[in-house]
C-alpha cells in the first residue's frame, strides 16, 4: 500500500474487492482479495492551497449596477486579458468617433468637394476624405502634427470640436492609463516569493503542546510592518441551536508578546500554543482527524521597493 501511495500520491485510496462474479467463489493458492485504486472524493475548500477563496455571491439584486457604480475598481480587479481588450476597444471607439466628427464637419461644409479650389478656405486644410480626417485627429491627439493638416480660423465649429477633443482625450487617458498603472503596481507576483510550509505540525516546544508552521521570504527586499494572523474555519452550533457554517476563530500566534510582528530576513517558525484558550484544547488526535476544519494563514505587509501593500493567504494541512 505504501508503494502504491508513493506512486500515485494521496489523491487515491486503496480499496479491497472480491473477485468478479456473483456470490462467493473459492480462491486458489496465492489468490487473495484484489486491490484497486479509487480516486478520493475532493473535499470542497473554503480557501484553496494557493490562497484563492472559493466564494461566489448570488441573489444579491442589482449586482451589475453595483459593480458599474465603482467602475474604476471593477476594471482594476478584472483579468489582464479583459483589461487589454477594454483598453484597446475604448481607444479605438473614441478615435473612430472623433475622426467621424471631423469628417462630418468637412462634409456638411462642402470641404470635401472644394478642398482643391485655390481661393477656398476649408475648416481643416488638406482633409479630403475619412482617412485624412482620421490622420488629422491622430496628429492632433498625439501632438505629432506634421504641419500639413491644420485648423483654419474660418471654422468656429471646428474650434469647439477641438476643445471637446482635448478634454475627452485627457479624461480617457487619465482613466485608462491610471487603471493600467495601478494594476501593474499590484504586488500579486510578489506574493509568489513568500513561501509557507506545506504542512503544519503539532508537537511539544518549551514544554507546551504547540501548533507550528514556517514562513520565509525568497527575495532580498524586505517586507515592512509584516504581520501574520491565523484563522480557524469550522462549522459549529450555538447553545441556542443556531448553525454557523463558516465560523471564524482567531488562533493566537503571539499577539500579546508581539511575536506576530515579523522580521523576515530568514525563515521563521510561527507557533500557536494549545492552551485553555485555544480552539484545539478540547480536541484529541483522533477527533482532529475526523473534524472538518481549515486553518488559514494571512500574512500582511508593505513591499519595500514599491511601498505597495501585500496580503497573502495560505491554507495549511495538519501533521500529527
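Each Cβ is built from the backbone N, Cα and C atoms, and glycine gets one as well.
A TrEMBL annotation is a machine prediction, not a hand-curated record.
The region 'Disordered' annotation in TrEMBL covers 1-40. The feature compositional bias 'Low complexity' is assigned by TrEMBL to 18-37. Annotation source TrEMBL lists domain 'Potassium channel inwardly rectifying transmembrane' at 47-187. The transmembrane segment annotation in TrEMBL covers 84-105, 159-182. The domain 'Inward rectifier potassium channel C-terminal' feature in TrEMBL is assigned to 194-308.
Counting residues per DSSP class in helix, strand and coil order gives 90 helix, 4 strand, 47 coil for the domain 'Potassium channel inwardly rectifying transmembrane' (47-187). As a summary of secondary structure, the domain 'Inward rectifier potassium channel C-terminal' (194-308) carries 6 helix, 63 strand, 46 coil according to DSSP.
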